[in-house]
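Comments concern the structure below.
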Amino acid sequence: MELYGYCRVRWRTVICYLFCILTLGLPFIIFHWKPRLLVLATRRRCSLAEADTLIIKDVFGQTFIVEVQEEHGVDPSLQVDNAGRQRGSAVDGSVALGVGEEDEMKDTIQLHYKQETNVLRYFVFEGMRYIWREQSMDFVKVSSLDEGLTFGEIHKYKSGLSQSDHDNRKLLYGRNEIDVPVKSYGQLLIGEVLNPFYIFQVFSVVLWLCEAYYYYAVCIVIISVISITISLYETRKQSVTLRNMVKMAVSVTVRRTTGEELMMNSVDLVPGDCILLPPGGVLMPCDAALLSGECMVNESMLTGESVPEMKTPLPHGPSVADTVYSSDSHRRHTLFCGTQIIQAKSYLDSEVIAVVTKTGFCTVKGNLISSILHPKPIYFKFYRDSLMFILVLAIFAAIGTIYSIVIHIMYKVGIPKIIITALDVVTIIVPPALPAAMTVGTIYAQSRLKKKGIFCISPPRINVSGKIKMVCFDKTGTLTEEGLDVWGVVPLDSFSFLPIVHDPRSLPDGHFLYSLVACHSVTLLNGHPIGDLMDLKMVESTGWIQEDGDVDPKTKDLFGTKVLSVMKPPILEEQPHGPKHQLPVGILQRFPFSSSLQRMSVIAKLPGDHLPELYMKGAPEMVASLCKPETVPPDFTAMLRQYTEDGYRVLGFAYKPLQSVRTFEEAQSISRESAERDLIFSGFLVMKNVLKPETAPVIYSLRKANIRTVMVTGDNMLTAVNVAKSCHLVEPAEKVFFVNASPPTYDSSATLKFIPSEPTLGEETREGLYQQGAVFLDMGPYCFAMNGKSYAVLSDYFPDLKPKILIHAAVFARMSPEQKTQLVSDFQDLKFIPVNTTHTAPMNLPNYENTAVFFVSGFQYLILAVVLSKGYPFRMPLYTNILFLIALLLLLAMMLWITLYPLQFMLSILALKLISDFNFKFVLIGIVAVNFVLALIVE
């Protein structure tokens, strides 16, 4: 964003306010609409170093006015101990301050303790604090501790901050709270009343009162007062509700460098504080990196997912010490603000320890609330058309005003009468009741949303929801049921697939069975297993039982080391016929699932002197890529395709003996990269995920309403396409083409291919046409499907083709969370979104309801013209106005023609549905006749 500094000029301020008073405050209305003009009128441009007011221009071109604030009596040392982030030998200690522009590459700056200053200058914009940096003469965003820090540096904060460091950081970062501003009724009233439409309405009411046009004026005033009152009440009430939902303050235990442990209010936390998490859980008041222990967390407040997430400690050791920490990339090691910790377990340490990395609006929850309070501006063609409509009305108003003035001057009418009549034309062209009518509609919509538990603090945005053209769906848990059922497992023998086994309990002891029982994130809460539903179903299908590693004191002796948890085989009586399972499996380390990595793994071992082994599960393609090629069956792709085309969810499994790991401590320190390579493929787990009963009807309703539907999932491509066809997100008549984009290599450029999902005779000869970007008009209805890798290549190397492909894309598979966000942004940037992916879908646009309303309302304009053009005693009879009568007859004939015998091109232009039933047409004509008679009698 761009900053422009201004400082107050006394004489300008005095003159400006005197002028406003002499003009009855009219300039204040303009200043309310354009605050920048007030700054320009009362201040002069200056450097940022001396500015007391800033004009901010953001990336969307919007301008904002903020005041620069000052804190006096600042400790000039601002020194932290050597646990703080260091950069080179020139810095002995420093405090991470904010997002600035350092080397034009990284956004982390620091305020060195040698920088002498007793005044802290800053401003707050959209909840974020920006500090003045004297050395570079600019404002920088207060950064969080994790900006650019490595794993090793974060672990140094395990001993906590000293009290002086804490106080200095609190001065810089401010209080740890997400403060939702709630405007008073007076502020809301001013903002509503000074809307340009309401100003115009006040002007119109005054004009009507001058003409003794009391009844309509009073009606408009009453409607406006009621609508404004209700709008103010609902808006403030929902703002208060949002503030109460966001407001949070809990007591936390903080460790100091002296070893002292203090209980303090969470609003006083700062980045770098070391907090101790209670075993029974707590509501997280900040973002923090987990350093020791494991936490089971409910993140539904942020993600909407009700399934608990397992959080594991940030890796520690020489091999990962230089890894740069990021809360986005290392979500499985990060506790987010607003999430509920259900359970915290410690292993190596006596406590579960976390280090605060972000506070206030810098947290993920803070960013979420900020996006609600300060949404990205949305520019719709609807609004541009509305402005054009108002412009056209203004032109007609100007023409009508000029005509009225000329006619009145010709008839020598008095000046006051001419002015009032000319202004009357303006109030007719631009309806003053429009804002009141829109407010009433918005209030009703707001109340309906509220009944559904949806709160809106910006009522005008409700109208935007009516312009939705597309809905992007996730698959698992959205279109399909939340849980999955195990359909069977496909084991290997001598690196060849065996027939599917529908009961995993009948598997013999071996690496595949141990992978199924150990490779999961399930934990126990009060003796009951909790975790990902897929993991729960997988473990349940084996019949094995989980116990905490510290329940039985003999567990350590059994495995020869400490373990996180123990998986025990079912009792002998419950095991199926055949070989019996007798050895338990101990879990030493978990590498949690990551969307970007598409896998998870655990380190586990059998009792006694058995070597620990790594067990992995994940996307079959990803698991196979990490295995030794000779261990992957040659028919791997064919077998995978067989199950995914039938809509099953397939997971791949692999294992690897670990020679370098013997103890629990060694398992905790091993790096994931070194452990997850050169594995041995062991088999498939096949799960079925059925559609929700309401999925197909909802998709049908959306398509009928001409809202395009798209699936964006992290699952396999073939599985996603199968589900899309099952719920009619992709129609049976549509052909699906896979978009296969490959990045450039050292001897070839990037390539883009379109491959039919169901090849037929002769398709191979057409593939060259697809590579040349041919149009698929001869193929009938079609749509595209692509995975995350192809989407990334398409974005980087084929930006010109990307919009054309997105227009017809219906399924996106193996998409990471970041890619999903980017995809939504790309769809928003499309200038054209087809109603549906099929060619025939746009024919659904016209409907009988709109057509009937059009016919009846078209006649009603003629009825009004006739009924309100009475003759005696006020004017000459209607039939004496020949031109007007001819116009009425021509329009009547045209309306009858369009109603009874419309031509096809007329229906297309007017988006009308052809009504083939002549009886119904005559019913419409009858309604028009009755309307005319009643209107004539009443008038």
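Cβ atoms here come from the backbone N, Cα and C positions, even for glycine.
Note that the coordinates shown come from a computational prediction; the quantities given were computed from them, not determined experimentally.
TrEMBL has this to say about the protein:
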| type | residues | note |
| --- | --- | --- |
| DOMAIN | 1-132 | domain 'P5B-type ATPase N-terminal' |
| TRANSMEM | 12-33 | transmembrane segment |
| DOMAIN | 158-208 | domain 'Cation-transporting P-type ATPase N-terminal' |
| TRANSMEM | 213-233 | transmembrane segment |
| DOMAIN | 251-371 | domain 'P-type ATPase A' |
| TRANSMEM | 386-406 | transmembrane segment |
| TRANSMEM | 852-872 | transmembrane segment |
| TRANSMEM | 878-898 | transmembrane segment |
| TRANSMEM | 918-938 | transmembrane segment |
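With pairs at least 6 apart in sequence, the transmembrane segment (852-872) and the transmembrane segment (918-938) have 3 or more Cβ pairs within the 8 Å limit; the two touch.
Remote same-chain partners of the transmembrane segment (878-898), defined as residues 6 or more beyond its termini with a Cβ less than 8 Å from a stretch Cβ, comprise 855, 858-859, 862, 865-866, 869-871, 906, 910, 925. When DSSP labels each residue, the domain 'P-type ATPase A' (251-371) comes out as 21 helix, 46 strand, 54 coil, counted as helix, strand and coil in that order.
Per DSSP, the domain 'Cation-transporting P-type ATPase N-terminal' (158-208) is made up of 35 helix, 1 strand, 15 coil.
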